[in-house]
Structure formats: structure tokens, C-alpha cells
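Copied from Swiss-Prot, the annotated features are:
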- HIS42: active site (ACT_SITE)
- HIS88: active site, proton acceptor (ACT_SITE)
- TYR45, LYS84, ASP491, GLY528: ATP binding site (BINDING)
- GLU86, ASN529: Mg(2+) 1 binding site (BINDING)
- SER87, HIS88, ASN89, HIS90, ARG109, GLN237, GLU309, SER310, GLN311, SER531: substrate binding site (BINDING)
- ASP110, ASP265: Mg(2+) 2 binding site (BINDING)
Amino acid sequence: MDKETIKAHKISDEEYAQILEILGREPNLLELGVISAMWSEHCSYKSSKKYLNGFPTKAPWVIQGPGENAGVIDIGQGMAAVFKVESHNHPSFIEPFAGAATGVGGILRDVFTMGARVVAGLNSLKFGDIHDEKCGKHQKYLVKGVVNGISHYGNCMGVPTIGGECAFDECFNGNILVNAFALGVCKSEDIFYAKAEGVGNPVIYVGSKTGRDGLGGAVMASDSFNEESKSLRPTVQIGDPFSEKLLMEACLELFKTDYIVGIQDMGAAGLTSSSFEMAGRSGSGMKLYLDKTPMRESGMTPYELMLSESQERMLICAKKGYEDKVIEIFKKWDLDAVVMGEVTNTGKMELFWHDELVGLIPIEPLSEKAPILSRPTSEPKYLSEIKNYKFELKSSVQELFIQMLQNENINNKAFIYDQFDSSVQTNTIKADGRLGASVIRIKENGASVAMAIECNSRLNYVNSKIGAALAVASAGRKVACTGAKPLAISDCLNYGNPQNPEVMWQFAQGCEGIKEACKELNTPVVSGNVSLYNETEGVSIYPSPTIVSVGVLEDANKTLKASFEKENLSVYLLGESLGEFSGSMVMKIQDKKVSGSLKELDYKAELALWDLLYKANQNSLLECANSVGIGGIAMTLAKMFAISSVGANLTSDFDDEKMIFDESASRAIIGLSKENEEAFLNLAKEFGVKAYKLGVSTSQKHFKLDSIELSKAELDKLYFESFKEQIQ
């Protein structure tokens with residue numbers, strides 16, 4: 001094998017030596033391609049696995065933790081929620097519409113492959129500076145393309161996209177982040193797993209035909225960008241949501257039978273990863289007859305068939321004798337379905353082309369025992385330069401308030417979420433635009449499931465460990481503010497180039513923060529994804545661990561809003577304000593800096609707040625609640641009253657006027673009627689949570705917070721109209 005071919009497959013000299021040892025000979029091109037894909041960062045998690053192993057993954061309500069297509073938790077009365085978040089960053093930067101669309105398609109397949117009907121989607125989007133003279137126009141193009149791709153796929157599939165977050169920062173100028181989350185619901189006893197066992201059991205290919213799109217996608221997603229990356233468009237897969245809709249319905253019909261042993265979607269590395277993962281998890285071997293693959297293009301080679309990432313395809317291990325019945329279901333839905341192999345006990349993948357053996361590879365070294373790297377780490381040098389920076393006000397709070405409310409990181413994103421169908425399936429209780437977590441009704445048991453997606457990249461830049469822990473806490477707090485109990489998380493860890501020791505240090509610290517927070521807050525990790533190499537021309541993104549928290553409220557009718565719908569409601573701030581301005585939005589807007597050093601998270605205070613919100617809502621004491629986040633109580637209150645029909649007369653009583661922009665954790669704003677105040681304050685005392693009265697909601701169309709005063713019309717214009725103008 002010549003060195004250029006090996007290099008083109010991103011195989012190092014050390015890895016090639018391992019390949020020679022595993023095979024006992026030189027690989028052929030097909031085998032090299034397969035091993036390259038399975039050992040890519042995207043498929044093997046070789047740089048990250050050692051840090052992920054310490055995550056807490058168990059709890060009485062966890063049915064399935066990491067290692068399957070998606071995580072599963074018990075949501076009561078025999079029902080389960082199946083969910084996962086993952087990235088499609090690199091493809092979305094190269095081809096925003098197709099990249100984002102297939103990102104949605106991939107995560108939907110991960111969920112319905114487990115036997116669940118998908119009932120909700122969320123997304124976390126990070127773009128570059130839309131005001132930048134050089135790249136602003138391109139960033140707007142990316143925003144529009146990505147949003148269009150997500151809405152097209154989700155809407156066509158009939159899956160409601162009910163929430164998300166969108167942030168902008170120059171650190172994403174060269175690498176945008178597109179993280180998609182999906183949640184499905186099924187009976188706890190009806191979950192299907194990705195396994196291939198039972199010697200002689202048939203392996204069946206179902207779904208769309210295989211083309212050349214997406215070739216080398218897993219390897220491409222395991223590398224950083226440079227000038228040549230513009231030619232990578234052919235590696236972006238093309239999605240067809242209508243085919244996926246048929247595939248989902250066919251799979252859900254199949255799941256009502258007892259015809260199959262296991263099922264796996266063909267995602268990154270296509271047929272390669274699905275076959276190796278199924279056999280690897282089961283300790284089996286497999287024979288695949290590649291010439292039987294349904295092909296969209298003529299003249300395709302075994303190499304192309306094994307590595308194509310054409311969308312809307314699944315691999316099924318059926319019970320012997322049931323092949324025809326499985327095929328009949330997929331034919332009914334107008335999809336391809338062919339027996340293309342069988343399970344063996346050899347522990348090897350045997351690849352045939354017109355009955356000739358063209359590839360023979362041991363499965364375990366590519367799946368369960370793929371190489372794990374221990375990359376060097378070193379604390380980033382910039383941390384010593386930024387840690388002592390202190391924020392001081394340089395302009396009036398009214399001026400800053402206006403600048404912040406109309407900033408693209410805070411203002412309303414109706415331009416984005418209006419393109420998503422959030423009400424299809426008629427289960428949505430609280431969707432995008434209503435602040436905080438999104439909520440769906442589970443008709444089968446009367447409960448509701450709340451979900452929130454969260455990542456503040458600036459905080460992770462300032463302190464990677466505490467920043468990641470804060471993402472876990474913040475996502476959970478948003479769920480708690482709906483009245484639900486946070487139960488578990490899914491994570492999508494977006495970082496720069498792992499070959500840079502400083503990036504690897506950030507990653508290790510981020511994992512430590514997630515591990516600590518999940519343990520202390522009792523929200524185990526049940527699924528996730530790692531996206532590395534988010535770097536262009538040597539510049540990495542800020543560390544961005546996206547966290548989705550999922551919780552359950554036993555009675556869907558008790559779901560809390562985040563808006564004040566009545567006058568004369570008492571407005572309270574819960575939790576302590578500690579003056580946290582490090583990495584804050586007010587610092588970024590006023591000083592154009594991301595600096596400081598974060599305070600440790602007080603887990604007891606965070607949990608006490610969650611427990612108080614849950615108990616107070618169970619006792620019907622609250623009218624509304626919202627987590628305090630970016631921009632402090634100033635922005636939280638502004639947004640709550642912007643989406644409300646009433647005005648506000650509020651006083652913070654802070655000694656320092658800048659404290660309204662403080663971003664301390666473990667805080668929430670609540671609204672309650674005066675007759676419930678005493679009972680609530682007694683309860684807050686019981687839980688050890690400080691409650692500070694800020695004022696009341698009023699019938700006057702006016703917003704007042706300390707020295708800040710605006711008419712309701714001015715407030716609404718700043719919040720609702722700004723982004724539409726900025727994105728044009």
C-alpha cells in the first residue's frame with residue numbers, strides 16, 4: 001500500500017502498523033477504507049473515550065444509557081422517553097441546507113430505530129459574527145440555509161420542532177455548530193436494540209438506494225477546515241424526508257411484530273459502521289454480499305458501497321425464516337428491502353462481491369476494542385491573561401439594557417422558529433418563543449415531558465470545567481421552571497482540534513464538569529455525541545458542550561408558563577446574586593471582551609431551587625417561572641414581560657446598579673398571586689432558598705426596573721423586531 005493512499009485515509013504510521021498486526025498482512029483498498037472510517041474520531045471516539053467513561057449513567061429511572069442509538073428513561077405508567085442530541089457541524093458549514101437537513105434526519109433515525117415514535121425536536125445553533133464586514137454576509141447565508149434545512153426536514157417528517165437556542169460569536173466565523181436533538185415515546189417493554197446475533201440469521205438492508213453521496217463523510221468530520229475544504233461538497237449527504245417518513249412508518253409497523261433480533265440505522269460511515277457496530281455489540285461475525293446492495297448509480301464499487309453515507313437506510317438482523325415477512329412490510333411502504341448477508345460466529349466481517357471474498361476484517365478491533373488515544377493536555381495560556389479582568393459600568397444601565405435586549409444573542413428569534421411546525425401531532429404545550437424549556441403532553445399517561453437545550457460557549461472559554469457544569473445546571477433549571485423534575489441529560493461535546501494540547505485540556509475539563517454536575521444534581525448522562533476538529537486555519541471554536549436536560553411532570557395540566565398573564569401578581573427573585581460578570585453578556589457588549597474567572601457552582605443551592613419549584617407547583621402556588629440566565633435578571637424580566645400582556649413595576653434593591661446584569665447561577669424569577677405569598681415564603685424558607693420581592697405586574701403598558709423605564713411598545717419593539725432587521 002503506497003504512503004499517499006494511507007495518508008489520504010488519515011491513517012497514521014502507528015495506526016498502519018496496528019492494521020498490519022491485526023490483519024497479519026497488507027490491507028487492500030476496501031479494507032483500508034473501512035478501517036479508516038471505523039477508526040476515525042467520528043466513529044471511534046478515540047481521543048474522547050477515556051474522559052467519557054467516568055460519566056454517571058445509572059439511576060432507577062434509566063432504562064438504557066450510552067452505547068445504544070439513543071438513551072431511554074422511564075416516564076411513568078409503562079411509558080419511556082427515548083432521546084439523543086448530536087452534531088452535524090462540518091456538513092452544515094460546507095452545505096448549510098443539506099447538512100442541517102440530514103443532521104435532523106440522522107437524529108430522528110437514531111430515536112425511531114429504538115422503537116419510539118418521534119414526538120419532539122430541539123436544536124442548538126451557533127453562528128459567527130453577522131455584523132462582520134468580511135464574513136457577516138456569509139454568516140447570514142448560513143443562518144438562512146441551516147434554518148431552512150432543519151424546517152424542511154422536520155416539517156416534512158411531521159415532527160414538531162418545539163425549541164432551541166441560537167448564539168452568535170466571532171469564534172464561530174470559521175466553524176458553525178448545528179446540534180440537533182430528538183425525543184420519542186414508546187412503551188418501556190417495546191424498545192429495540194442494535195444487535196446482530198444468532199448464527200445464520202439474515203441481515204437485511206432496508207430503505208433508500210445507495211449512491212455516492214456522503215462518501216468519506218465520517219473521515220471529513222474528523223478533520224479541521226482549511227482553504228481546500230470548499231471542495232468537500234460531495235461529502236455532504238442529500239436527505240429526502242419523504243423517504244424517511246416512509247422508513248419510520250415501516251419500522252414502527254415492523255416493531256409490532258416479533259420478526260427481528262436487532263436494527264441499526266446507517267449513519268456516519270454508512271454500511272460499515274452499522275454492520276460493525278451490530279456485530280461488535282453482540283460478539284458475532286457477519287457476511288455481507290455487497291453486490292446485492294440496492295444501488296442508485298451504476299458502476300459502484302465495494303469501497304463506495306461500504307462507505308457511502310446515503311440517507312434513509314437501515315440494517316436489520318431478522319430471525320431466520322421471517323425474511324419474506326420483513327421484506328413485505330418495507331415493499332408495502334415502497335422501500336427497498338433485500339437480504340444481503342447473514343450472522344456468523346467467526347468474529348470477522350467477510351465482504352463478498354459476486355461471490356468473491358474481497359475483504360476480511362476482525363470486528364472487535366474496529367468496534368468494541370478500537371484504539372483509544374491518550375493525547376497530551378496543557379492549560380491554555382490565555383487563561384492567565386483573562387482571569388483578573390473585572391467588569392465595571394462605563395455607560396448608563398438604560399443604555400446597556402437597550403443594547404442588550406436588541407442584541408442577536410438575546411432578542412426574539414421568531415425569524416427562525418416561525419419556520420418550524422411546532423404544533424403538528426397536537427401534543428405541544430410550550431414551544432419556542434415562550435422562554436425556557438419546551439414541553440409536550442404524553443397522552444398515554446397524562447404526564448408532560450419538559451426539555452431544554454443549553455450551552456453558553458463564553459463561560460466555557462473562561463473556565464471549561466465550571467462552564468460545562470453550568471450548562472448542566474442551567475438546562476436542568478429551565479426544566480424545573482416548568483414544574484417538571486429533571487431526570488437525565490444528553491450531551492453534544494463540540495470542541496476544537498484534539499491534536500492541540502490546550503483544546504484537549506479544555507475537553508478533559510469540560511467532561512470533568514459534566515461528570516461532577518450530573519452526579520451532584522442526579523441527572524445521569526444517557527446518550528451523547530462528540531464533535532472535535534471544529535477548527536479553521538488553526539483557530540478553534542470556544543469549548544461548547546451542548547446539554548439537553550429532560551424531565552417529567554406527572555400531571556401535564558400543571559405545566560408552568562414563563563409569562564405574566566395577570567396584573568397584581570407578585571414578582572420574586574429566587575436565589576442569591578453573587579456578582580458573576582465573568583464571561584457575561586454585559587461584558588461582551590460593553591467591553592467587547594470574554595474574560596474573568598468563574599465562581600464554583602453551589603450544587604446544594606441549585607438542587608434546593610429545583611425542589612422548591614417542584615413542590616410549590618405541586619401545591620399550586622405559582623403562576624409562572626423562568627430561569628435567570630444570559631443578561632441577568634434585567635434580560636430575564638424584560639423577556640418575560642415582552643411575551644406577557646401586562647406591565648411591570650419592579651425594584652431590585654441592589655446596592656450596585658450593575659447587579660441587574662449579574663449572571664449568577666441557581667436563580668429564577670417567579671410570579672404568584674398575593675394570597676399564595678405567605679405559603680410560598682414559608683416553603684422557600686423550608687428549602688433554604690432566599691426569596692426577594694421585586695414588585696408587581698401592572699395593568700399599565702409600562703416596564704420599570706430600577707432606573708430603567710420603557711413603554712411596553714418600546715420593550716416589545718426592541719425584543720421582537722431587532723433580529724428580523726439584523727438578519728436581512
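Note that Cβ sites are derived from N, Cα and C of the backbone, with glycine treated the same way.
Structure with Swiss-Prot features highlighted.
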residue	record	Cβ contacts under 8 Å, 6 or more apart
LYS84	ATP binding site	ASN69, ALA70, GLY71, ILE107, ASP110, VAL111, PHE181, ALA182, SER490, SER527, GLY528, ASN529
GLU86	Mg(2+) 1 binding site	GLY103, GLY106, ILE107, ASP110, ASN179, ALA180, CYS492, GLY528, ASN529
HIS88	active site, proton acceptor	GLY99, ALA100, THR102, GLY103, GLY106, VAL178, ASN179, ALA180
ARG109	substrate binding site	ASN69, GLU244, LEU247, MET248, ASP265, GLY267, GLU312, MET314
ASP491	ATP binding site	VAL85, ILE514, VAL525, GLY528, ASN529, PRO545, THR546, ILE547, VAL548
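Maximum C-alpha to C-alpha distance over the listed ATP-binding residues TYR45, LYS84, ASP491, GLY528 is 17 Å. By the criterion of other Cβ atoms within 10 Å of the residue's own Cβ, the least surrounded of the binding-site residues SER87, ASN89, GLN311, ASN529 is ASN529. Taking each of the binding-site residues ASP110, GLU309, GLY528 in turn and counting other Cβ atoms within 10 Å of its Cβ gives the largest count for GLU309. In this structure the C-alpha atoms belonging to ASN89 (substrate binding site) and TYR45 (ATP binding site) are separated by 16 Å. The Cβ neighbour count for TYR45 (ATP binding site), using a 10 Å radius over every protein chain in view, is 19. According to DSSP, ASN529 (Mg(2+) 1 binding site) sits within a strand segment. In the three-state DSSP scheme, ARG109 (substrate binding site) falls into the helix class. Same-chain residues that are not part of TYR45, LYS84, ASP491, GLY528 yet have a Cβ within 8 Å of the Cβ center of the ATP site turn out to be LEU52, PRO66, VAL85, GLU86, SER490, CYS492, LEU493, VAL525, SER527, ASN529, VAL530. Taking only the Cα positions, the spacing between TYR45 (ATP binding site) and SER87 (substrate binding site) is 14 angstrom. The residue listed as 'active site' and GLU309 (substrate binding site) are 13 Å apart (CA-CA, integer value). Largest Cα-to-Cα span within the substrate-binding set SER87, HIS88, ASN89, HIS90, ARG109, GLN237, GLU309, SER310, GLN311, SER531: 20 Å. Here the Cα atom of SER87 (substrate binding site) is found 10 Å from that of the residue listed as 'active site'.
Neighbour density for ASP265 (Mg(2+) 2 binding site): within 10 A of its CB lie 27 other CB atoms from the protein chains shown.
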